[in-house]
């Protein structure tokens with residue numbers, strides 16, 4: 001039986017120890033916004049870390065007081081759900097460089113007394129994982145029972161297995177890739193140019209100028225959203241349906257798919273109030289992710305020290321991070337005789353499928369989480385039901 005997580009309150013960890021970053025820059029101090037769900041058991045062995053994707057944040061489940069919107073993965077986290085909060089203590093933090101409570105471009109730079117803006121240092125998946133490890137230490141958790149993430153979150157999971165192999169028992173990598181393709185880097189560059197050429201961007205100092213590059217953000221989101229959807233899904237959802245039932249022979253919105261994309265862009269740029277500099281940072285972190293680069297471009301070698309057990313999930317119509325990209329990860333793990341489970345899930349929803357309801361996906365996910373719970377309690381899967 002499933003139930004819902006109720007009202008949640010975000011927490012904040014202030015870290016006064018400087019963070020040495022991959023770029024060579026240093027954050028003198030920083031805040032990490034995070035949320036937790038469920039209860040930590042006596043030996044603190046049931047903790048799960050969720051790593052979010054590009055536009056995500058730490059609000060992964062439940063809802064805030066006075067708000068109706070639920071967390072971005074609420075369908076999969078809660079009592080009786082695949083990530084069962086009756087069994088697990090779930091943690092999710094907002095990535096550094098974000099705009100939802102963790103230190104980012106809109107935060108005050110303690111060295112200048114002004115907002116960081118474009119001066120915020122470039123962040124990488126490795127930087128995020130090292131800050132998340134600081135949160136782990138703060139929570140006095142010896143090791144995560146599992147680290148779980150989809151898309152960019154899956155990249156962080158892989159980085160965890162490389163940088164902190166003794167602190168992660170299971171790694172669940174969903175709809176992800178070991179590095180971006182040239183095409184994906186190109187999509188990110190077009191999105192960045194849309195933002196940076198908006199007259200309201202002001203070289204990233206738009207907060208000081210009292211503006212917001214909404215047009216650029218909306219265009220970037222429209223492009224990104226296109227890559228998250230499959231052709232089949234767009235065809236079945238919109239086809240060539242006209243908004244007014246007839247052609248008007250002008251450049252206003254005529255097709256329903258145009259209306260949908262404009263709505264998604266405007267919502268992201270206005271209602272969600274996403275910081276433009278954060279968007280630039282997140283896309284760059286995606287571009288830079290390539291753990292094999294430090295191991296002679298050999299992914300098998302990069303993952304050779306990983307001791308976690310793995311679940312890798314891909315989706316048939318995901319062309320942003322196609323199943324073939326997951327196969328690369330699977331092969332590298334098999335080269336190392338890793339304990340690995342793999343599922344390729346049928347879905348018409350493209351890359352966004354990892355966020356949406358799907359019986360096959362949920363079944364695989366639920367079964368694997370039951371396995372983790374059974375291992376924690378030293379029981380068989382039947383006893384661990």
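Glycine is treated like the rest: Cβ placed from N, Cα and C.
Taken from Swiss-Prot, the feature active site, nucleophile covers 151. Of all Cβ atoms in the shown protein chains, 27 besides its own fall within 10 Å of the Cβ of residue 151 (active site, nucleophile).
Feature annotation from Swiss-Prot assigns active site to 318 (among others). According to DSSP, residue 318 (active site) sits in a coil region rather than a helix or strand. Cβ environment of residue 318 (active site): 175, 230, 347, 350, 351, 353 lie under 8 Å away, each six or more residues apart in the same chain.
The active site annotation in Swiss-Prot covers 351 (among others).
The substrate binding site annotation in Swiss-Prot covers 221, 352 and rests on sequence analysis. In the three-state DSSP assignment, the secondary structure recorded for residue 352 (substrate binding site) is helix.
The annotation domain 'AB hydrolase-1' is assigned in Swiss-Prot to 46-355 on the grounds of sequence analysis.
Counting Cβ atoms from all protein chains shown, residue 320 (site 'Important for acyl-CoA specificity') has 23 others lying within 10 Å of its own Cβ. For 320, the entry in Swiss-Prot reads site 'Important for acyl-CoA specificity'.
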At the level of the C-alpha atoms, what whole-angstrom distance separates residue 352 (substrate binding site) and residue 151 (active site, nucleophile)?
9
To the nearest whole angstrom, state the Cα distance for the pair residue 151 (active site, nucleophile) and residue 221 (substrate binding site).
16
In angstrom units, rounded to an integer, how far apart are the Cα atoms of residue 221 (substrate binding site) and residue 320 (site 'Important for acyl-CoA specificity')?
15
Around the Cβ of residue 351 (active site), the count of other Cβ atoms that are within 10 Å:
24
Can you give me the average pLDDT across the domain 'AB hydrolase-1' (46-355), rounded to a whole number?
97
